[in-house]
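In what follows, a structure is listed as structure tokens, so that the remarks can point back to it.
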Amino acid sequence: MSYKQLKAFILLLVCLYIVESEAQLQVGFYQSSCGLAELIVKQEVTNGFIKDKGVAAGLVRLHFHDCFVRGCDGSVLIDSTPSNTAEKDAPPNNPSLRGFEVIDNAKSKLEAICKGVVSCADILAFAARDSIEIVRDMLDIYLAHSQFSAQLYNFNSNSSQDPTLDNAYAVQLRQQCPQNSNANLVVPMDPSSPAITDVGYYRGVLANRGLLTSDQTLLTSPKTQFQVVQNVQNPFLWRNKFAAAMVKMGKIGVLTGNAGEVRANCRVINS
């Protein structure tokens with residue numbers, strides 16, 4: 001299979017709206033009601049990526065966090081109110097979630113030409129898919145770490161160095177982010193290829209260069225260690241697994257028919 005054929009196959013799988021009668025999901029759902037919907041979202045993702053290469057991984061993670069809290073309903077995009085703390089402002093998400101401005105821009109343009117048609121959840125799903133295409137490679141959902149950065153010294157609760165971490169790598173990290181420095185400093189979780197999504201993350205884990213303790217924990221179980229080795233040895237298999245996983249994740253708690261609402265502003269529930 002050629003690279004172009006593989007890419008086309010993966011993008012078809014990653015499209016989160018697979019024809020599925022029981023879930024009422026389908027490819028090209030907005031073709032008749034808002035034909036430019038997907039093109040507009042992709043253009044905004046491209047614009048965001050040009051300004052900030054990290055936004056691609058950010059949008060994938062944003063979609064992940066949306067789906068695994070209350071289902072893929074776009075609720076992660078909603079802002080907090082005086083009486084309610086939103087998902088995006090919960091400690092695991094704030095301030096690490098990113099890419100909201102891309103969704104805002106896409107929604108604004110879509111409302112201008114197709115008012116009240118394209119849902120925020122669908123915009124986010126399209127944006128996550130397009131982010132992957134834009135960076136030209138695929139990533140495993142858990143290993144979205146491939147493109148992410150993280151704050152240093154957050155290895156465990158007592159802020160000590162992970163004892164399994166490669167010593168040379170640990171020295172490098174301390175030089176990049178010394179103790180008591182700016183808490184907002186970040187480093188790539190896959191230093192070998194920080195701007196693309198590939199199996200470099202796995203190679204780093206096998207070399208005891210996983211940035212977080214949770215990364216190196218993948219080697220503590222025979223089952224997960226096998227997966228790490230397999231993905232390093234067979235990147236194409238890894239891409240296919242990711243595509244299937246994204247499709248499966250994108251079906252979690254999807255609201256169809258008259259369920260939910262198409263928000264005019266993804267940050268605010270319609271009044």
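Start at 1 and count along the chain as shown; that gives each residue its number.
Glycine is no exception: its Cβ is also placed from the backbone N, Cα and C atoms.
Under the heading heme b binding site, TrEMBL lists His145.
Annotation note: Cys114 (disulfide bond) sits in a coil segment as assigned by DSSP. TrEMBL lists Cys34-Cys114 (among others) with the feature disulfide bond.
Look at TrEMBL and you will find Cys67-Cys72 (among others) tagged as disulfide bond. Within 10 Å of the C-beta of Cys72 (disulfide bond) we count 26 further C-beta atoms, all protein chains included.
According to its DSSP assignment, Cys266 (disulfide bond) is coil. The feature disulfide bond is assigned by TrEMBL to Cys120-Cys266 (among others).
Along the domain 'Plant heme peroxidase family profile' (24-270), the predicted structure has mean pLDDT 84. Annotation source TrEMBL lists domain 'Plant heme peroxidase family profile' at 24-270.
Look at TrEMBL and you will find 1-21 tagged as signal peptide.
Residues or ranges marked as site 'Transition state stabilizer' by TrEMBL: Arg61. In the three-state DSSP classification, Arg61 (site 'Transition state stabilizer') falls within a helix. Just so you know, the Cβ of Arg61 (site 'Transition state stabilizer') picks up 22 other Cβ atoms within 10 Å once every protein chain is counted.
For Cys67 (disulfide bond), the same-chain residues 6+ apart in sequence whose C-beta sits under 8 angstroms from its C-beta are Met249, Gly250, Ile252, Gly253. Nearest to Cys120 (disulfide bond) in space, judged by Cα atoms and limited to the recorded positions Cys34, Arg61, Cys72, Cys114, is Cys72. Spacing of Cys34 (disulfide bond) relative to Cys266 (disulfide bond) is 18 Å (Cα to Cα, whole number).
For Cys266 (disulfide bond), applying a Cβ distance below 8 Å and a minimum sequence separation of six or more within one chain yields Gly74, Leu77, Ile78, Ile103, Asp104, Lys107, Cys120, Ile123.
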